[in-house]
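Listed in TrEMBL:
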type	residues	note
COMPBIAS	1-13	compositional bias 'Polar residues'
COMPBIAS	26-35	compositional bias 'Low complexity'
COMPBIAS	54-66	compositional bias 'Acidic residues'
COMPBIAS	77-92	compositional bias 'Low complexity'
COMPBIAS	150-172	compositional bias 'Basic and acidic residues'
REGION	1-184	region 'Disordered'
TRANSMEM	266-286	transmembrane segment
TRANSMEM	298-318	transmembrane segment
TRANSMEM	421-446	transmembrane segment
TRANSMEM	493-514	transmembrane segment
TRANSMEM	526-547	transmembrane segment
TRANSMEM	559-578	transmembrane segment
TRANSMEM	633-653	transmembrane segment
TRANSMEM	713-734	transmembrane segment
TRANSMEM	794-813	transmembrane segment
TRANSMEM	867-884	transmembrane segment
TRANSMEM	904-925	transmembrane segment
TRANSMEM	963-990	transmembrane segment
Amino acid sequence: MSRPYSSAGSNSHPPYMDPRYQYPETPTTASTSTSDAQWAYGPGSRPYTGAGEDLYEEDESEDEDVFAYLPPTTAEQQAAQQQQQQQQQQQQMHIQPATAPLASVQPVTYPNSRPALSSPTPVLPPTTPVHPSAAGHIDTPDSLVPPESFRMRTLKERVPRQNKTPEVHVSLEDPDPELGRLRPKRSISSDHVMEELPGPSELHDHKFAKTGDGATLSSLHFTSSRRSDFSVEYEPQLEEEDDSPYPEVRASVSNIDDPEMPALTFRVWAMGLFLCMLAASANTFFNFRYPAPSLAPLVMLLIAYPIGKFLAFALPIYDYQVPRWLGGGTFSFNPGPFNIKVSFGNVLLCAQERCTRALSRLDCQAILDSDGALSNAKPKEWPGHQEHVLLYIMSNVATAPGYAMNVIIAAEEFYNIRLGVGWSICLMIATQLTGFGLAGMCRRYLVQPASMIWPQNLVVCTLLNTLHAEDDEPARGGITRFKFFLYVSAGAFLWQFLPGFLFTALSAFSWICWFRPRDLKINQLFGVYSGLGMGVLTFDWSQIAYIGSPLMVPWWAEVHVMLGFIIFYWILAPIMYYKNVWNFAYLPMSTGGPYDRFGKSYDILRVIDIEHHSLNVTAYEEYSRLYLPATYAITYLLAFSISTAVLVHTILYHGPTLLAGIKNLRIEEDDVHARLMRHYPEVPDWWYLLSLAIFFALAMISALVWPTGMPWWGMPFSLLLPTVYIVPIAYVYAMTGQPLNINLLAEVIPGSLIPGKPLPNMIFKSYAVQSLAEALTFVQDLKLGHYIKVSPRATFMVQMVSTLMSAFVQVGVKEWMFRNVKDICKDTQPQKLTCPHNRVYFTASAVWGLIGPTRTFGQGATYHPQLYALLFGAIIPIPFWLWQRKFPQSRLRYVNMPVLLNGPMWIPPATGINYSSWFVIGFLFRKFHTLSVFLLVQAKTDVRFGVLEYVVRRRNFRWWSKFNYALSAALDSGTIVSVLFIFFCIQFPLGDKGSIDWWGNTVHMNTADYMKLPYLKAPPEGFS
């Protein structure tokens, strides 16, 4: 039997510290003990009551990692007692004997945990006997004597560094699963070091702290000679509350955290600013071209991953001393791996300073038994995503071109109003950052409550977990999320070549229209360009996910969206169209622009006095009124109803919550994520108030200092809209993934209050719409940081810096292009830089700013009855609210009228095929929980595939919880990358020759649906 390793006066190291040491294979047997025990601490020690040992009876979920720790002992026992105890434990636990047992260690098991990688010796009860020579020794019964022990060597105490990752956790796994249930997990933190409670004693070289009643193992604290503090907290009484109550969140968000994980590193700022500049400049360029792709945030997240890995490998791993006059401390270009934490089997390791570049080896300062369980432990990476998620957040605020860019282009190119670069920068910054202050002031309602799920973030969290868990092999065989993501994204990349390039009719899969190309009713009902999309099928994921990934949105929300779509677009729209209500039958069934009385697209230039920036009333009366297609008119009808319905619904259903938040009362019980976020200092409210005041002042300057024609009350009124609507709209967005917008109100209000002035109307709309949109984006990113456990102050800093930089980059790219690109925004521009989005915005500004809402919706106007939708929206939530109060268990309690009314609001430019195919995929996954594509899976996953085979199984919650969001992220990522590849490598270099002329790419173009033919032909003199 080997002699226990002793630290006293020894400079030797156990074999695992030797670089020549080879890690053996890890046994799969797990061992635990549930017997009561005492834990002797030496002088003044208190007995350990064994609290929390019932936590071993847990269910297995092979989908998630749970981290525990194993408290060491320092006992020395005689060889006979050790051998006797070892044999007894082997008989009880049925595990194989070992020659070099580890000291008595008892794993604290957390809910939904994995079995520990076993040592060759039994894992004993939490007993810490001390050497008999120690004063105040408490005798330990023979049955609790561990087989053999080790000592911790003397470690020099040093002040911990906040940017280090000293602690190492252990993954455990439960042996007996229960389907459909994800049990909560326990978090372990090394950031807050607990104070020494009564009863500590220093045994040899390490410290233990014990709570007064002995019921809770409150802390374990020791220090290493390189870096330092390690501490653990465990509170068994909170076990059942320590995870999100929502299965979507439990399936995609980790409930563990290490507050010492580095976040605002040199890598974050270097990569983040680079990616922010890349996304902002590229998407600003693409905004002026049609057709053109865009760099989505998911693409930037994928790009950041290999760059982060490379920098972690290439940058020097040195600490530089910061001068005291700059704050002191140290600084490193490379704090270690790209947010990776390392855990070892089933053994608690030391406070670890940093991994070497060989990520499979550690240079740790914990000294364990030379032949103990560590010899059977294999290193395993535990992902942390603070750096990566900050890079995503920086890219997320920079990818979409600023809405104010439309104002700048429309003013300069179409109205010939040039106010200079300074005005452009002021307007861009003001519109993009005013929402920042609004978001911060609402975070107690929209970020901290667990019910604010924000489904979009679940896909991002799953993708981050997948990318940083390459070696996360499932214990029961099968396929990992990382391999699953690679296979599906590769399949999506290759598949997109079919509907996106080789056989584009698969995207617009209106096969009925192919056989009846001139049948108007068939084309209007089943078409995908100007029809209602009743054909359901499409083979293009970009079409399916056009209104959002169907795997992301909660099932109840999908039902509301589809129900609203069916009622208003598959029932009401055809009835009104074929009855020729409001002259609908003279126009196409579904398009996205206004028409004149001749059934042609409205020529706005015929009624505008460009020199005076005003409406030519005489020309307007001679030419035509505005007429809207059926689906476009219904969209305005729904927009009016939503503007009041969402306010009434929020007051009725969330009024008490809002009042509690105003009174600084707790809105909901904190879930595990909210409790873990207490480790980080919160951003003071005055930071957000100050930013709101600064950027609102900048908005006032941009509107009043330059000759825009905006009255002084215009900007405050514009800010009032997002202030009133941010919480109601964010409630719907956070719970359903379906965004609402206030575009209609932002057009109607200034058009009525400031008639005949297009520039003030555009500024008003831009400031209101962009402030709300940016506020929702900022809140969504704050929730993402909440899920990943990023310091709110770090999120605040990267959001502020990246948004400011993107504003300057976008204005700079625009100025360069308009000075160097010939004929930009002209129809004859050879590179197709025709500014399509800016033209649409210009048309909207003329319709609402010059012609005005009074001529469209006023008394005696064609669409005046639509204003009654305001009253309808205010009334419709009330009966459902009263009913659910009287009958709380009724199914009507699930009805959410704002979601039902808002669902179809993507039309136009979306069409029916985007909704019908979206709902079918969502139904398969939510109703049956399983749809598996492009995979070859072996062994114990219970699902086997061919190349394109899919298996639908009812109630397979385990599969859904593990792969649903990974599948969504993989399909999105593979499709987006494929679209970018096709555009940059084929279509852009070849121009008009970058397409294949054959039946599969032209059959859908020879239909009445593609030609947008109306049901009735307009008379030559026009209709009225």
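Cβ atoms are placed via backbone N, Cα and C, with glycine included.
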*Residues from the same chain, set at least six apart from the ends of the transmembrane segment (713-734), whose C-beta lies under 8 A from its own*: 434-435, 438-439, 442, 445-446, 452-454, 646-647, 649-650, 654, 658, 696, 699-700, 703, 740-742, 745-746, 749-750, 753-754, 760, 763-764, 767-768, 771-772, 775-776, 779-780, 783, 896, 898-899, 902
*Please work out whether the transmembrane segment (526-547) lies in contact with the transmembrane segment (963-990), by counting C-beta pairs under 8 angstroms that are 6 or more apart in sequence and asking whether there are at least 3.*
yes
_Cβ pairs under 8 Å between the transmembrane segment (493-514) and the transmembrane segment (633-653), at least three_ = no
_How about the transmembrane segment (633-653) with the transmembrane segment (963-990) - do they touch, taking at least 3 C-beta pairs under 8 Å (6 or more apart in sequence) as contact?_
no
*Quick one: do the transmembrane segment (421-446) and the transmembrane segment (963-990) reach 3+ CB pairs under 8 Å, ignoring pairs fewer than 6 apart in sequence?*
no
*Counting only pairs 6 or more apart in sequence, are there at least 3 Cβ pairs under 8 Å between the transmembrane segment (559-578) and the transmembrane segment (963-990)?*
no
*Which residues, given as numbers and ranges, are at least 6 beyond the ends of the transmembrane segment (794-813) yet have a Cβ under 8 Å from it?*
263-264, 268, 272-273, 276-277, 279-281, 284-285, 386, 390, 393-395, 397-398, 401-402, 405, 408, 421, 424-425, 428-429, 432-433, 436, 440, 683, 687, 691, 774, 778, 781-782, 785
